[in-house]
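Here is what Swiss-Prot records for this protein:
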type: BINDING; residues: His87; note: heme b binding site
type: DOMAIN; residues: 1-141; note: domain 'Globin'
type: MOD_RES; residues: Ser3; note: phosphoserine
type: MOD_RES; residues: Lys16; note: N6-acetyllysine
type: MOD_RES; residues: Ser35; note: phosphoserine
type: MOD_RES; residues: Ser102; note: phosphoserine
type: MOD_RES; residues: Ser124; note: phosphoserine
type: MOD_RES; residues: Ser131; note: phosphoserine
type: MOD_RES; residues: Ser138; note: phosphoserine
Amino acid sequence: VLSPADKTNVKAAWDKVGGNAGEYGAEALERMFLSFPTTKTYFPHFDLAHGSPQVKGHGKKVGDALTNAVSHIDDLPGALSALSDLHAYKLRVDPVNFKLLSHCLLVTLANHLPSDFTPAVHASLDKFLASVSTVLTSKYR
């Protein structure tokens with residue numbers, strides 16, 4: 001459960017992300033594909049090369065979804081319901097992949113926002129991404 005302090009930290013960090021959410025999403029996807037090659041199996045139709053339009057496009061979707069989640073931090077299930085349906089019923093993404101992408105997102109944010117990525121912000125973002133992952137996998141059960 002996200003505390004009021006966690007919510008404040010997440011919103012402040014995401015304000016720093018600003019218009020870079022799509023770029024950071026794409027970078028996190030590239031990190032995930034390089035660090036966890038089995039995740040590539042969900043994207044057989046993508047050119048997974050650095051900077052490819054498909055990875056950039058999906059990175060923008062990831063960034064937009066997270067921006068939406070931050071905006072609706074008090075109602076993540078409502079905000080992410082359609083995305084949860086898509087990943088559970090149509091795409092059938094293995095739930096572990098959300099944890100892998102979350103880790104890569106944290107690394108990406110730490111790399112781009114080093115002075116803002118304090119231990120408290122790190123913990124809050126980790127809890128937030130875990131909450132998002134939980135919502136996205138909630139319909140698998």
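The backbone N, Cα and C atoms fix where each Cβ goes, glycine too.
Feature map: annotations from Swiss-Prot on the structure.
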residue : record              : DSSP class
Ser3    : phosphoserine       : coil
Lys16   : N6-acetyllysine     : helix
Ser35   : phosphoserine       : helix
His87   : heme b binding site : helix
Ser102  : phosphoserine       : helix
Ser124  : phosphoserine       : helix
Ser131  : phosphoserine       : helix
Ser138  : phosphoserine       : helix
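For the pair Ser35 (phosphoserine) and Lys16 (N6-acetyllysine), the C-alpha distance works out to 26 angstrom. Here Ser138 (phosphoserine) is positioned 10 angstrom away from Ser131 (phosphoserine), judged by their C-alpha atoms. On the 0 to 100 pLDDT scale, the model's mean across the domain 'Globin' (1-141) is 95. The two recorded residues, the residue listed as 'heme b binding site' and Lys16 (N6-acetyllysine), have Cα atoms 28 Å apart. Using CA atoms as reference points, the modified residues Ser3, Ser102, Ser124, Ser138 were checked against Lys16 (N6-acetyllysine), and the closest is Ser124. Ser124 (phosphoserine) has Ser3 as its nearest neighbour among the modified residues Ser3, Ser102, Ser138, going by CA to CA distance. The most densely surrounded of the recorded positions Lys16, His87 is His87 (count of other Cβ atoms within 10 A of its Cβ). The modified residues considered are Ser3, Ser124, Ser131; of these, Ser3 has the fewest other C-beta atoms within 10 angstroms of its C-beta. Ser138 (phosphoserine) and Ser3 (phosphoserine) are 21 Å apart (CA-CA, integer value). Proximity of Ser102 (phosphoserine) to non-local residues of its own chain (separation of 6 or more, Cβ distance below 8 Å) is seen for Asp126, Leu129, Ala130, Val132, Ser133, given in sequence order. For the modified residues listed here (Ser35, Ser138), the lowest count of other CB atoms within 10 A around the CB belongs to Ser35.
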